[in-house]
Amino acid sequence: MEFWGIEVKSGKPVTVTPEEGILIHVSQASLGECKNKKGEFVPLHVKVGNQNLVLGTLSTENIPQLFCDLVFDKEFELSHTWGKGSVYFVGYKTPNIEPQGYSEEEEEEEEEVPAGNAAKAVAKPKAKPAEVKPAVDDEEDESDSDGMDEDDSDGEDSEEEEPTPKKPASSKKRANETTPKAPVSAKKAKVAVTPQKTDEKKKGGKAANQSPKSASQVSCGSCKKTFNSGNALESHNKAKHAAAK
C-alpha cells in the first residue's frame with residue numbers, strides 16, 4: 001500500500017492515469033485555505049470515459065471535507081467549480097492482484113460461452129454420484145425382505161387358519177349325531193318287527209311248498225327222467241315215447 005494525493009486548482013481539471021497493475025483508492029476530498037467563509041458550496045466532479053459524475057459537494061462554512069471510497073483501475077479526471085482555492089484529493093495505491101487461477105483470457109472465454117452451454121455447465125455439478133451402499137446394508141435389506149416374506153407367509157397362514165372357527169358347528173352336528181335318539185315307541189317297534197316275521201313266514205311257506213313238490217316227483221319208466229308233475233310226464237311221453245311207438 002502506498003499513499004497517493006493530488007491538488008486540483010481552480011479551473012484546471014487533473015487527469016490521473018494509474019500505472020499498470022495498480023489501483024488508486026480515493027478516500028477523501030477537502031478544501032484548501034479559504035479566507036472568506038460565507039457558506040459557499042463547491043461541487044466536485046469525476047469523469048471516467050464519457051461519464052461525468054458528481055462526486056459530492058463541499059461547503060466553506062459547514063463541510064470543508066468529505067470521505068469516500070472510490071477505486072480506479074484506468075484513467076479518470078477530477079475537477080471542481082470553486083474559483084477561490086484548490087481542492088485536495090487523497091487516498092492510496094495498491095497492486096491489482098488477480099485471484100489465482102483466473103486471468104483476463106479466461107474471463108473472455110467465459111463471456112463467449114453461449115447461454116445454453118453455460119446452463120449445461122451449471123447443471124452438471126448438480127448431478128451427484130450414486131451412493132454405493134455397503135454390503136452390510138444389502139444383507140440387512142435381504143434379511144428385512146426375508147422377514148417381510150416370513151411375515152407375509154405367516155399372515156397367509158393365519159388367513160388360511162381363520163376359517164377354523166366353523167368347527168364348533170360341526171362339533172354340534174357330531175354332538176347331535178352321538179346323542180341317543182328318542183326311544184322308539186312300542187307300536188313302531190312292533191310294526192318294524194312284524195315284516196320280518198311275515199318275510200320269515202313267506203320263506204317258510206315256500207320251503208313248505210317246495211317239500212311236497214320234491215315228494216311228488218314222477219319218473220319216466222322208459223328213460224328214467226324225473227318230472228315235478230304228472231302233466232309234465234304226460235307231455236314228455238307224448239313228445240318222446242309216443243312218436244317212438
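Each Cβ is built from the backbone N, Cα and C atoms, and glycine gets one as well.
According to Swiss-Prot:
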- Met1: N-acetylmethionine (MOD_RES)
- 2-5: region 'Required to repress transcription' (REGION)
- 99-245: region 'Disordered' (REGION)
- 101-162: region 'Required to repress transcription' (REGION)
- 103-113: compositional bias 'Acidic residues' (COMPBIAS)
- 114-124: compositional bias 'Low complexity' (COMPBIAS)
- 137-162: compositional bias 'Acidic residues' (COMPBIAS)
- 178-195: compositional bias 'Low complexity' (COMPBIAS)
- 208-234: compositional bias 'Polar residues' (COMPBIAS)
- Ser211: phosphoserine (MOD_RES)
- 218-241: zinc finger (ZN_FING)
Open item on the list: Please list, in sequence order, the residues in the chain of Met1 (N-acetylmethionine) that are at least six apart in sequence and whose C-beta is under 8 Å away from its C-beta.
Closed with: Tyr92, Lys93, Thr94
TODO: Pop the mean pLDDT for the region 'Required to repress transcription' (2-5) in here, whole number is fine.
DONE: 91
Open item on the list: Could you give me three numbers for the zinc finger (218-241), the DSSP helix, strand and coil residue counts?
Closed with: 12 helix, 4 strand, 8 coil
